[in-house]
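Reviewing the structure listed below.
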Amino acid sequence: MCAPEHGVLACCCGSAACSCCCNCCPKMKQSTGTRIMYAIYFLLVTVICVIMMSPTVVGQMRGQFPTLCENLNAGEDCKTLVGYSAVYKVCFGMSCFFLFFAIFTIRVNTSTGCRAAIHNGFWLVKFVLLVACCAGGFFLPQEETFLEVWRYIGAVGGFLFLLIQLMLLVEFAHRWNTNWSSGVSYNRMWYAALALVTLLLFTAAVGAVAFMGFFYTHPEACLLNKIFLGINGSLCLVVSLLAISPCIQKLQPTSGLLQPGVISVYVMYLTFSAFSSKPKEGECEIGGVNQTVCVFPFNSGTESDKKIVTGLGTIILFGCVLYSCLTSTSRRSSAALRVCRNSEPEAERARCCFCFGDDTEDFDEEKTGSGQNVVYDEREGTIYSYCYFHFVFFLGSLYVMMTVTNWFHFDNHKIEKLLEGSWSVFWIKMASCWVCLVFYMWTLVAPMVCPKRFEA
C-alpha cells in the first residue's frame with residue numbers, strides 16, 4: 001500500500017501516508033489507510049500463528065525443503081517453531097508491539113506531532129520492529145514459567161476483547177436501525193427495507209432454532225442441548241418483546257425489531273458454534289442400534305468436509321477480529337462502549353453501507369500524483385484515539401492466541417481441529433450468548449435507570 005516512485009521511500013521510512021500504487025483506485029483517507037496498514041500487520045502474524053498450529057503445513061514444508069529445520073536450528077520436525085508454545089511466543093511479540101504503541105501514543109490529539117508522525121508512517125521501520133518482537137519471544141528465559149503466566153494473561157485479555165466485540169455488536173444493531181430509520185421521513189422505501197431485513201433476520205433466527213432442534217437434540221439424549229436451546233430461544237423472544245414495549249418506545253422512539261433481530265441471529269450463531277464445539281456425547285442405543293446423536297453431519301463426514309468447516313471458521317475468526325479492531329476505535333463506537341449518548345446529536349443520513357461511515361466529511365486537501373489520492377483528514381485533530389486503537393489490537397492479539405490454541409485445551413491441539421469438541425470453548429461461547437443479551441437489555445432499560453446520563 002505504498003505510494004509510487006519517491007513516495008515509496010517517504011511512506012516506508014518517513015511520515016508520509018501510504019496509498020495504493022494505482023491512481024484508478026478511489027481516494028483514501030489518511031486515518032483509514034493507517035488503520036488498514038496495522039490490520040495487515042496483524043493479519044500477517046495471525047496467518048503465521050495458524051501455520052504454526054498446522055502440522056500438515058509444516059510437514060509439506062519439510063517435504064519440499066528437507067534441510068529447512070536443520071538450517072534454522074529448530075530441532076527435529078521443526079518442533080520449536082510449531083505448536084502452542086510457538087504461537088504464544090509470536091503473539092507475545094505482537095502484543096508487546098501494540099502495547100508499546102498504545103503507551104507511546106497516550107494523549108495524542110493532533111496529527112502534527114512527532115508521535116503522530118511515527119504512528120502514521122515509518123512502515124518499514126515498524127515492520128522490522130514487529131518482526132524483531134516476534135522473533136525475540138523465542139529467546140525468553142524460563143520458558144515453562146513464561147508459558148504458564150502468559151496463558152492466564154492471554155485468557156484475561158481474550159475475555160476483555162470478547163466483551164468489546166459483543167458490545168460493538170449491540171452498537172452495530174442500534175446504529176443500523178437509527179441510520180435506516182432516519183431515511184423514512186423523506187423516502188418510504190427505507191421503511192420497506194427495514195421491514196424486509198427484519199423479516200429476514202427473524203426468519204433466519206427461527207430457522208436456526210429449528211435446524212439445531214433437528215440436528216442437535218434427540219428425544220432420548222442431549223438434555224444439555226435442549227435446555228440451552230430453550231433458554232437462548234426464550235431470551236431472544238423476551239428481548240424482542242421488550243424492544244417494542246410501550247415503556248421502551250416512550251424513551252427510545254427508534255427502538256424496533258431490527259435490533260433484536262440482529263441480536264437473535266448472532267445468539268443463534270453462537271449457540272450453534274457452542275453445540276459444534278461441545279465434545280461428542282458418544283453413541284446412544286436407539287431401536288437396538290448404537291447411533292451417534294446430537295452432532296452436525298460434518299462432524300461425522302469426510303476429512304474434506306471438516307477442512308471446509310475449519311476454513312470457514314478461520315475466515316469468520318479473521319473477519320470478527322478485524323471488524324472489532326477497526327470499528328471499535330471510532331469516536332462513535334468508543335462512546336457506545338461507554339454506554340452513553342454523545343453530547344451533540346448527530347445528523348443521520350440513511351445509506352446502505354453505513355458501518356464504515358465517516359466520522360466527518362469535509363476534507364479538501366489531497367495528495368495528488370501518479371498514485372492513489374490520499375485525503376488528509378486529521379489536519380485539525382485526530383479522527384480516532386491512537387492509544388485506544390493500539391490497545392484494542394493488543395487485546396485482539398491475545399484473543400487470537402487463545403482461540404488458535406483452543407483456549408485451555410492446548411497440549412495436542414492442531415488448527416485442523418479448531419471446531420472439534422472442547423468444554424472450555426463450549427462454555428465460553430455459551431456465556432457469550434448471555435452476555436450479549438444482557439448488554440442489549442441494558443441499552444434498552446438504561447435510559448429508565450439513569451435518565452440524566454442519556455439526556456440529549
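FYI, residue positions are counted from 1 along the chain as it appears here.
The backbone N, Cα and C atoms fix where each Cβ goes, and this holds for glycine too.
As written in TrEMBL, here are the features:
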{"type": "TRANSMEM", "residues": "36-58", "note": "transmembrane segment"}
{"type": "TRANSMEM", "residues": "86-109", "note": "transmembrane segment"}
{"type": "TRANSMEM", "residues": "121-140", "note": "transmembrane segment"}
{"type": "TRANSMEM", "residues": "152-170", "note": "transmembrane segment"}
{"type": "TRANSMEM", "residues": "190-215", "note": "transmembrane segment"}
{"type": "TRANSMEM", "residues": "227-244", "note": "transmembrane segment"}
{"type": "TRANSMEM", "residues": "256-275", "note": "transmembrane segment"}
{"type": "TRANSMEM", "residues": "308-326", "note": "transmembrane segment"}
{"type": "TRANSMEM", "residues": "386-408", "note": "transmembrane segment"}
{"type": "TRANSMEM", "residues": "428-450", "note": "transmembrane segment"}
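The stretch in closest packing with the transmembrane segment (36-58), judged by the count of Cβ pairs under 8 Å and taken from 121-140, 190-215, 227-244, 256-275, 386-408, is 386-408.
By the Cβ criterion (distance under 8 Å, sequence gap of 6 or more), the transmembrane segment (386-408) is not counted as touching the transmembrane segment (190-215), fewer than 3 such pairs being found. At the 8 Å Cβ threshold, with sequence separation of at least 6, the transmembrane segment (256-275) lacks contact with the transmembrane segment (86-109), having fewer than 3 such pairs. Within its own chain, the transmembrane segment (86-109) is flanked in space by residues 42, 45, 48-49, 52-53, 80, 115-116, 118-119, 129-130, 132-138, 140, 146-147, 150-151, 154, 157, 381-382, 386-388, 390-391, 393-394, 397-398, 400-401, 404-405, which lie at least six positions past its ends and keep a Cβ under 8 Å from the stretch. Of the two recorded stretches, the transmembrane segment (190-215) lies close to the transmembrane segment (227-244), with three or more CB pairs under 8 Å once pairs fewer than 6 apart in sequence are set aside.
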